[in-house]
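J.: Below are the structure tokens for one structure; questions will follow.
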Amino acid sequence: MKNTWRIGVAGLGTVGGGLVKFLTERPHFAPAGGTAVITAVSARDRSRQRDFDISGYEWFDDPVALASSPDVDIFVELIGGSEGPAKAAVETALRLGKPVVTANKALIAVHGRELAELAESVGAPLLFEAAVMGGTPAVKMLREAMVGDEVDAVAGILNGTCNYILTEMEQGSRPFAQVLAEAQRLGYAEADPTTDVGGFDAAHKISILAALAFGCAPHYAAAEVEGVDQVELLDIKLAGDLGYRIRLVASATRSADGVSVRVHPALAPIGHPLAETRGALNALFIEGRRIGRIFIQGPGAGSGPTAAAVAADISDVMTGARRPVFQAPAQSLQPFAKIDAAHNVGKAYLRLLVRDQPGVIAAVSETLAEVGVSIDSFLQKPVEDAGGVPIVLTTHATPEAAVLEAARRIAALPAVLAPPKMLRIARV
Ligand SMILES: NC(=O)c1ccc[n+]([C@@H]2O[C@H](COP(=O)([O-])OP(=O)(O)OC[C@H]3O[C@@H](n4cnc5c(N)ncnc54)[C@H](OP(=O)(O)O)[C@@H]3O)[C@@H](O)[C@H]2O)c1
């Protein structure tokens, strides 16, 4: 058994810095008897001020050179991005048969299958616990604990920035732009927030979870993605009046027809664990055919939690744990058949802005009936400065195509002042 495992760390930002601090605080981190020691690092700027000491490590300007150094036993990639230096360095390490640990969800969601094939062809582990839900062990749960069952669905809150924004909008009665600006000031949101608020980060993560859950290849391009940037304060308030909170829900469901992977804002009933997941927390439901429902909740980001997840993967390498990168050997993985979203059946929330005149509600009800959508609840509430009368209704479970058709027809009614806003109600 090896006594010392020499770790090369590429990327010294939030996660990489966290790992350096972790191994400095726990110099005897020795899960398999041997000790993990950082020996070499790489980042963009060697002279950058960092709140940890890197003077004892060999420095590499080029992460690919670090990955190929004969003095590195485990390569840890914490740069980020699906292409460029992160991908090149991971490929280099794997080609040399070196174990790779990464937190890079974009890389695994987009190139997971080809990297898994490469890793398995050389017998090197490729581990990415920190890529989904930061320190909360979602990947291990699906890759290891759930292999005895068949998973039919995974769904949850996978982006802490979006959840923080939605929670702040709800609790402070403040609009999206104002809360986003504050989140950026406080460092909870990136200067360019598109990846988070556009739903793409959550889509990377749910694509990885879908692959692990259903034994298929990650297929990021097949994910349907809507972010929180179009969520209005008015809808948060009206959903609250109806007994719901709005959350960005990422879900992957399997049926006989294929797999549906989606990220979109959805209403969850107040009191339900998704509705009660607040601030930057993440949460996940896993539905196993035999085990039933499992719920986990915890931090999805941050230096300490993600570093602990990276350390857990390093520990797995050291203990010699060997599993396929996803649920089955990579060569046998198929990209899943994608279900047309319009066929998804679920309840929906429709918010209309109408003129204050008689007959409007009858016209809306008739239009819904024409396309076979039945109303579950109905709320008409004067709202100051709304520019009309907001009407909100929720539907019984209906194919999404019918709800969208109803929204299109309602938009054309003379008394309707703006296209209806449609939000899905989470299947919980
Ligand atoms: N932040 C989180 O909480 C979190 C949670 C889960 C997963 N992740 C994932 O972890 C990875 C790292 O995220 P992070 O938040 O730690 O990012 P970050 O704070 O922006 O740090 C990125 C690091 O990569 C370095 N870097 C950038 N381009 C490079 C290049 N061409 N060559 C070498 N080094 C380069 C940067 O160098 P300089 O320091 O010199 O600029 C920096 O140290 C990403 O894949 C991210 O998605 C992050």
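Any Cβ shown, glycine's included, is placed from N, Cα and C.
Curation does not apply to TrEMBL; its annotations are automatic.
Worth saying up front: this structure is predicted, and the values here are computed from it rather than measured.
According to TrEMBL, the protein has these features:
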- K205: active site, proton donor (ACT_SITE)
- A10, G11, L12, G13, T14, V15, G16, G17: NADP(+) binding site (BINDING)
- K105: NADPH binding site (BINDING)
- E190: L-homoserine binding site (BINDING)
- 349-428: domain 'ACT' (DOMAIN)
J.: G13 (NADP(+) binding site) has how many other Cβ neighbours within 10 Å of its own Cβ?
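T.: Taking every protein chain into account, the count is 15.
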J.: For T14 (NADP(+) binding site), which of the recorded positions K105, E190, K205 has the nearest Cα in space?
T.: E190
J.: Does any of L12, G17, E190, K205 have a Cβ within less than 6 Å of an atom of ligand 1? These are the recorded positions; tell me which, or none.
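T.: Listed by sequence, the hits are L12.
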J.: Which one is it: of the binding-site residues L12, V15, which Cβ has the fewest other Cβ atoms within 10 Å in this structure?
T.: L12
J.: Report the mean pLDDT of the predicted model across the domain 'ACT' (349-428), rounded to a whole number.
T.: 91
J.: Might you list, by sequence position, any residue in that chain lying six or more from the residue listed as 'L-homoserine binding site' with a Cβ less than 8 Å away from its Cβ?
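T.: T161, Q184, D196 - these are the non-local Cβ neighbours of the residue listed as 'L-homoserine binding site', listed in sequence order.
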J.: Would you list the DSSP helix, strand and coil counts for the residues of the domain 'ACT' (349-428)?
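T.: Secondary-structure composition of the domain 'ACT' (349-428): 23 helix, 31 strand, 26 coil.
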J.: Near the residue listed as 'active site, proton donor', which of the binding-site residues G11, L12, G17, K105 can be found within 10 Å, Cα to Cα?
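T.: Taking G11, L12, G17, K105 one by one, the ones whose Cα falls within 10 Å of the residue listed as 'active site, proton donor' are K105.
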J.: Would you mind reading off the Cα separation of G17 (NADP(+) binding site) from K105 (NADPH binding site), to the nearest angstrom?
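T.: That comes out at 18 Å between the alpha carbons.
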J.: Using a 10 Å radius around each Cβ and all protein chains in view, which of these binding-site residues has the most neighbours: G11, G16, G17?
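T.: The largest 10 Å Cβ neighbour count belongs to G16.
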J.: In Å, rounded, how far does the Cα of G11 (NADP(+) binding site) sit from the Cα of the residue listed as 'NADPH binding site'?
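T.: The residue listed as 'NADPH binding site' has its Cα 15 Å from the Cα of G11 (NADP(+) binding site).
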J.: Taking DSSP as the reference, which of helix, strand or coil describes T14 (NADP(+) binding site)?
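T.: Assignment for T14 (NADP(+) binding site) reads helix.
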J.: For A10 (NADP(+) binding site) and the residue listed as 'NADPH binding site', determine the Cα separation and express it in whole Å.
T.: 16
J.: Calculate the distance in Å between the alpha carbons (Cα) of K105 (NADPH binding site) and L12 (NADP(+) binding site), and round it to a whole number.
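T.: One finds 17 Å between the Cα atoms of these residues.
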